[in-house]
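Swiss-Prot annotations:
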type	residues	note
TOPO_DOM	1-13	topological domain 'Cytoplasmic'
TOPO_DOM	35-77	topological domain 'Lumenal'
TOPO_DOM	99-113	topological domain 'Cytoplasmic'
TOPO_DOM	158-161	topological domain 'Cytoplasmic'
TOPO_DOM	183-192	topological domain 'Lumenal'
TOPO_DOM	214-234	topological domain 'Cytoplasmic'
TOPO_DOM	256-327	topological domain 'Lumenal'
TOPO_DOM	349-379	topological domain 'Cytoplasmic'
TOPO_DOM	401-470	topological domain 'Lumenal'
TRANSMEM	14-34	transmembrane segment
TRANSMEM	78-98	transmembrane segment
TRANSMEM	114-134	transmembrane segment
TRANSMEM	137-157	transmembrane segment
TRANSMEM	162-182	transmembrane segment
TRANSMEM	193-213	transmembrane segment
TRANSMEM	235-255	transmembrane segment
TRANSMEM	328-348	transmembrane segment
TRANSMEM	380-400	transmembrane segment
TRANSMEM	471-491	transmembrane segment
Amino acid sequence: MWSLDPSQKEVLRFAVSCRILTLMLQALFNIIIPDHHADAFSPPRLASSCSVDQLVEGLLGGLSRWDAEHFLFIAEHGYLYEHNFAFFPGFPLALLMGTELLRPLQGLLSQRSCLLVSVALLNFLFSVLAAVTLHDLGCLVLGCPRQAFYAAMLFCLSPANVFLAAGYSEALFAFLTFSAMGQLERGRSWASGLLFALATGVRSNGLVSVGFLLHAQCRGFFSSLVVLNPLKPLFKLMASLCLSVLTVSLPFALFQYYAYTQFCLPGSAHSVPEPLVQLAVDKGYRITGGNEPPWCSWGLPLVYSYIQDVYWNVGFLRYYELRQVPNFLLATPVAVLVVWAAWTYVTTHPWLCLTLGLRRSKDSKKTLEKPHPGFLSPKVFVYLVHAAGLLLFGSLCMHVQVLTRLLCSSTPVVYWFPAHLLQNQEPLLRSVDTVPEKLLEKNSPPGQKAPRNCIMKLLYNWRACSPVTRCILGYFLTYWLLGLLLHCNFLPWT
């Protein structure tokens with residue numbers, strides 16, 4: 001059982017409140033706003049529904065839009081269609097485990113209704129745990145409890161809010177990734193590697209996280225390097241690097257092999273319900289046991305690359321079309337945030353960035369850069385490289401509107417840097433003592449003015465906030481609410 005300090009309790013309280021409000025608003029929007037008829041994956045319902053199922057659909061149906069339908073379909077029927085393999089198995093497996101806990105209700109609810117309830121409960125849990133874990137990670141990396149607290153509170157109002165609540169894998173991925181980062185900061189590389197591997201089983205961009213393990217191992221190598229006998233540590237480093245890569249990439253490799261067995265090996269056909277076969281015929285989906293797809297004959301038969309290319313038209317600069325300008329505008333705020341963060345950090349620590357943060361420990365006595373707490377801490381370097389790499393790849397090779405949920409569920413930088421700006425440029429947060437570890441308890445003196453929730457303090461005093469604070473909170477709150485309004489009704493917010 002965790003022992004939570006006052007700041008962690010406040011993060012937990014605010015995260016739970018935001019999750020409850022999110023579920024209530026998505027239900028309201030789902031009921032009062034008619035769904036847009038989008039050209040999205042919509043498999044037929046095989047089981048009959050009763051009045052209780054219709055109630056669940058009305059209350060939680062907003063969580064099943066767009067890609068969530070794929071995850072729900074996979075959890076219910078498995079990987080029947082080729083394009084289902086764009087969605088990794090970690091989250092569907094979690095949904096299946098959630099439905100097992102709901103087994104007593106399965107006589108009352110259909111399988112789909114149980115899955116919807118599982119989505120709501122599990123992503124509620126994962127999002128709250130991710131917020132608490134981000135706070136813990138911030139304390140370890142930033143060395144500034146105040147910024148760690150602000151960042152965790154901002155995560156509760158994430159621009160990717162709807163994707164942390166809906167039937168998407170972002171909440172689970174964020175929890176696993178932040179947990180892995182925290183374990184690595186504590187020096188527990190094996191636990192970190194296992195968590196990063198689990199994250200890779202949830203989302204493909206978990207593969208990039210191997211960079212954290214590689215950087216930590218290289219940093220340790222250079223800090224303890226013995227010039228007279230470097231070969232033994234070098235061989236040990238190479239073995240450790242290879243093991244890290246294998247560990248983190250293993251779930252991806254196993255998933256690709258499973259796809260190969262389903263589509264490329266004889267005798268892999270399964271019994272598929274007729275309505276789902278008809279859907280494949282009508283939509284042109286390739287189904288297991290059908291004709292062998294072209295990727296089976298590749299030297300490295302990766303179904304994931306094929307699907308992204310053929311089904312989603314993902315590739316270098318393919319999204320750079322005039323009609324995609326609105327999607328580029330949607331992704332602009334988070335892109336500006338990361339670029340601004342990178343520029344601020346690089347101009348503060350040019351030498352640290354040039355040496356890739358791999359200075360030997362004995363050099364630390366030299367004033368290569370001033371020690372900074374908070375976002376400008378030398379420890380943040382590898383996190384910033386990770387965020388910048390995701391931004392660069394996402395901007396050039398992905399559907400650019402995905403950048404918001406990609407970055408907001410993968411990197412703490414999009415929360416640390418706004419927290420840094422709030423601390424340094426918001427007078428309201430400097431006017432009273434709001435250091436998280438000194439947050440008031442119920443028995444605090446009545447004359448004390450320090451607020452329990454810094455975000456609510458800023459919202460209550462919106463007109464007195466600085467322009468930077470208004471931009472940050474305006475962006476977070478607008479996307480938090482607008483995403484719910486649009487996504488839950490099949491409107492274009494993906």
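Glycine too: its Cβ is placed from the backbone N, Cα and C atoms.
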Take the transmembrane segment (235-255) and find every residue of the same chain, 6 or more past its ends, with a Cβ under 8 Å from one of its Cβ atoms.
85, 88-90, 193-194, 196-198, 200-201, 204, 206-207, 209-210, 213-214, 217-218, 221, 304
Top Cβ-contact partner of the transmembrane segment (471-491) among 14-34, 78-98, 114-134, 162-182, 328-348 (pairs under 8 Å):
14-34
How about the transmembrane segment (78-98) and the transmembrane segment (162-182): at least 3 CB pairs under 8 Å, pairs 6 or more apart in sequence, or not?
yes
Which one, 14-34, 114-134, 328-348, has the most C-beta pairs under 8 Å toward the transmembrane segment (162-182)?
114-134
Within-chain partners of the topological domain 'Lumenal' (35-77) [C-beta distance under 8 Å, separation at least 6 from its ends]:
23, 26-27, 29, 84, 86-87, 89, 91-93, 95-96, 99, 108-113, 115-117, 119-120, 123, 165-169, 273, 275-276, 279, 484, 487-492, 494
Positions on the same chain near the topological domain 'Cytoplasmic' (158-161), where near means CB under 8 A and six or more residues out:
18, 22, 170, 333-334, 404-405, 408-409, 415, 475-476, 479-480, 483-484
Who are the long-range neighbours of the topological domain 'Lumenal' (183-192) in its own chain, taking Cβ under 8 Å and residues 6 or more past its ends?
137, 140-141, 212-213, 216-217, 379
